[in-house]
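What follows is a single structure, written as structure tokens, with notes after it.
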Amino acid sequence: MIRKAFVMQVNADAHEEYQRRHNPIWPELEAVLKSHGAHHYAIYLDQERNLLFATVEIESEERWNAVASTDVCQRWWKHMRDVMPANPDNSPISAELKEVFYLQ
């Protein structure tokens with residue numbers, strides 16, 4: 001398994017809405033994530049800084065990257081665009097984090 005972590009932002013006035021939209025996520029999005037090898041996906045909110053910290057374990061970079069081209073992912077990004085900063089293609093603006101420590 002490959003462990004990934006990344007950070008995104010959420011609009012200051014959208015914390016509750018962001019959480020509401022994720023609980024639960026669309027069943028078809030959950031199915032796509034799982035079928036593309038995503039496991040143990042979690043997102044945490046830093047309310048003071050409007051930051052989202054996400055972790056996920058993936059089976060391969062190729063399968064993880066393929067999620068972005070699915071119809072359901074494209075619809076999800078469009079659905080979330082009003083609650084978080086996004087790129088021109090509607091994907092959330094994010095930065096991948098480098099792992100510096102792991103205790104198993």
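Including glycine, each Cβ sits where the backbone N, Cα and C put it.
Worth saying up front: this structure is predicted, and the values here are computed from it rather than measured.
Database features (Swiss-Prot):
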- His22: active site, proton donor (ACT_SITE)
- Tyr18, Tyr41, Trp76, Trp77: substrate binding site (BINDING)
His22 (active site, proton donor) and Trp76 (substrate binding site), Cα-Cα, nearest whole angstrom:
11
Quick one: Cα separation, Tyr41 (substrate binding site) versus His22 (active site, proton donor), in Å?
12
Determine which residues of the same chain, besides Tyr18, Tyr41, Trp76, Trp77, have their CB within 8 A of the center of the CB atoms at the recorded substrate site, and list them by sequence.
Arg21, His22, Ile25, Leu29, His79, Met80, Pro92
Taking DSSP three-state, what's Tyr41 (substrate binding site) in: helix, strand or coil?
strand
Using DSSP, would you call Tyr18 (substrate binding site) helix, strand or coil?
helix
I need the most crowded of these binding-site residues: Trp76, Trp77. Count other C-beta atoms within 10 angstroms of each C-beta and give me the top one.
Trp76
Neighbour count (Cβ, 10 Å) for Tyr18 (substrate binding site):
19
What count of other C-beta atoms do you get within 10 angstroms of the C-beta of Tyr41 (substrate binding site), across all chains shown?
15
